[in-house]
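Going by Swiss-Prot, these are the annotated features:
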| type | residues | note |
| --- | --- | --- |
| SIGNAL | 1-16 | signal peptide |
| DOMAIN | 52-74 | domain 'Follistatin-like' |
| DISULFID | 53-64 | disulfide bond |
| DISULFID | 58-74 | disulfide bond |
| DOMAIN | 68-137 | domain 'Kazal-like' |
| DISULFID | 76-110 | disulfide bond |
| DISULFID | 80-103 | disulfide bond |
| DISULFID | 92-135 | disulfide bond |
| DISULFID | 141-228 | disulfide bond |
| DISULFID | 236-252 | disulfide bond |
| BINDING | 237, 239, 241, 243, 248 | Ca(2+) binding site |
């Protein structure tokens, strides 16, 4: 059963979450959307545009509004885009509350943080994405499943790398070369994919560590099918400093000391 789930995870992770048939959110898109949740604005190094908001990016759940003096400001988005009712648009928050979309979740968060009258529940000021899809009762993460998780995840990542290479979406020639090595070496096929995924997650910011926030793009799509992934990955933070180093990541996923290498 669990290996069948691993196959499902591969299909989920290796394909886009938004396509013509199933409107899901891709890992990279999800990471981009969550990158500036609480940011007010970000200036781009381009020439000033006529519209002050053109050069400013607001956090998710917010929109740029031109102030009375012509200055761009970020306000809670007035209305989220209307959707067609696809259940895959729904998201589950960390308080087990289902929202119509990511936009609605972070609009509510924004309104509540600013103590707006439109805020439905004050405690939603700290709400954030838990996983994609409507909230539901998740399977129990047993000790047995947790113990098996490192090997299953390493194998899953290897399959994901192979699929991305086939689709020419495995960025950087170095990873393609390492994958070719791994395909002919049983030991390396559980080493290189683990290091690759660490580098994929360590982007916002790229500081040679992975925060719990940076884990969201990998946990949010998978939690509904694999309840062990979040507690397992959070447990990789051995020193409880809020960040997972490459050594913590490698050790957590079963790599030996000499196999953990910095390649980001």
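Placement of Cβ uses the backbone N, Cα and C atoms for every residue, glycine included.
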Number of Cβ atoms other than its own within 10 Å, given for residue 237 (Ca(2+) binding site): 20
Nearest recorded site to residue 236 (disulfide bond) by CA-CA distance, among recorded positions 92, 228, 243: 243
Among 92, 110 [disulfide-bonded residues], residue with fewest other Cβ within 10 Å: 92
In sequence order, the binding-site residues (237, 243, 248) whose C-alpha falls within 10 A of residue 141 (disulfide bond): none
Proximal but sequence-remote residues of the same chain as residue 80 (disulfide bond) (Cβ under 8 Å, at least 6 apart): 100, 101, 103, 104, 107
Helix, strand and coil counts within the domain 'Kazal-like' (68-137) (DSSP): 20 helix, 14 strand, 36 coil
List of residues, in chain order, with Cβ under 8 A from that of residue 76 (disulfide bond) and at least 6 apart: 61, 62, 63, 107, 110, 111, 114, 116, 118
